[in-house]
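Student: Pulled these features from Swiss-Prot for this protein:
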- 54-84: domain '4Fe-4S ferredoxin-type 1' (DOMAIN)
- CYS64, CYS67, CYS70, CYS113: [4Fe-4S] cluster 1 binding site (BINDING)
- CYS74, CYS103, CYS106, CYS109: [4Fe-4S] cluster 2 binding site (BINDING)
- 94-123: domain '4Fe-4S ferredoxin-type 2' (DOMAIN)
Amino acid sequence: MMNKITHYFKSLLLLELLGGLWLTLKYTFKPKYTVLYPMEKFPQSPRFRGLHALRRYPNGEERCIACKLCEAVCPALAITIDSAKREDGTRRTTRYDIDLFKCIFCGFCEESCPVDSIVETHILEYHFEKRGENIINKPQLLAIGDRLETEIAERRAADAAFR
């Protein structure tokens, strides 16, 4: 019975509403924590997952063996792979496309790759001006990988204990 009476008085005095208004008033006059984005940037996590890249072996041969595990594991169905057999009997990709509008940057493709071919880089800033530019093809992915290979290798070596 006493519990109902206290609940009645709390509701009558609108204590929950006043508590919420006090919290709003308290944060209204505190300094805001903002970043002026293009000029200032937040520090990135060492495990940040950004734009994709395809890697090569040190001899220049691409690493991808067209096992299609990344295509199978992708929850957003953003990866499309076509493959063909070469003269020596190995499989290689003829087409490797990633639709960045579909991709959710979960990192499953990177985790499932048995030869560390597909990796996600630290690149956060990219834009598209025309229709169809959101689909990154194999030559573009290889170019990104070639340009950032030393940084990718350093990041993977630093993160090796957690893989």
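Including glycine, each Cβ sits where the backbone N, Cα and C put it.
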Student: Looking only at C-alpha atoms, tell me how far CYS106 ([4Fe-4S] cluster 2 binding site) is from CYS113 ([4Fe-4S] cluster 1 binding site), rounded to the nearest Å.
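Tutor: CYS113 ([4Fe-4S] cluster 1 binding site) has its Cα 14 Å from the Cα of CYS106 ([4Fe-4S] cluster 2 binding site).
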Student: From the centroid of the CB atoms of CYS74, CYS103, CYS106, CYS109, the recorded [4Fe-4S] cluster 2 site, which same-chain residues not already listed sit within 8 A by their CB, in sequence order?
Tutor: CYS70, VAL73, PRO75, ALA76, ALA78, ILE79, ILE98, ILE104, PHE105, GLY107, PHE108
Student: Looking at the binding-site residues CYS64, CYS67, CYS103, CYS109, CYS113, which one has the fewest other Cβ atoms within 10 Å of its own Cβ?
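Tutor: Comparing Cβ neighbours within 10 Å for the binding-site residues CYS64, CYS67, CYS103, CYS109, CYS113, CYS67 has the fewest.
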Student: Tell me the residue counts in helix, strand and coil for the domain '4Fe-4S ferredoxin-type 1' (54-84), as DSSP assigns them.
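Tutor: Its residues fall into 5 helix, 9 strand, 17 coil.
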Student: Between CYS70 ([4Fe-4S] cluster 1 binding site) and CYS109 ([4Fe-4S] cluster 2 binding site), how far is it from one CA atom to the other, in Å?
Tutor: 4
Student: Looking at the binding-site residues CYS64, CYS67, CYS113, which has the shortest Cα distance to CYS103 ([4Fe-4S] cluster 2 binding site)?
Tutor: CYS113
Student: Quick one: give me the count of other CB atoms within 10 A of the CB of CYS74 ([4Fe-4S] cluster 2 binding site).
Tutor: 20
Student: How big is the gap, in Å, between the Cα of CYS64 ([4Fe-4S] cluster 1 binding site) and that of CYS109 ([4Fe-4S] cluster 2 binding site), rounded to a whole number?
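Tutor: That separation, Cα to Cα, works out to 12 Å.
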Student: Based on DSSP, tally up the residues of the domain '4Fe-4S ferredoxin-type 2' (94-123) by helix, strand and coil.
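Tutor: Tallied per class, the domain '4Fe-4S ferredoxin-type 2' (94-123) gives 5 helix, 9 strand, 16 coil.
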Student: When the number of other CB atoms within 10 A of each residue's CB is tallied over all shown chains, which of the binding-site residues CYS70, CYS106 has the maximum?
Tutor: CYS70
Student: Measuring Cα to Cα, how many angstrom lie between CYS74 ([4Fe-4S] cluster 2 binding site) and CYS113 ([4Fe-4S] cluster 1 binding site)?
Tutor: 12
Student: Looking only at the domain '4Fe-4S ferredoxin-type 1' (54-84), report the model's average pLDDT.
Tutor: 96
Student: Quick one: pull the CA-CA distance for CYS67 ([4Fe-4S] cluster 1 binding site) versus CYS109 ([4Fe-4S] cluster 2 binding site), whole Å only.
Tutor: 12
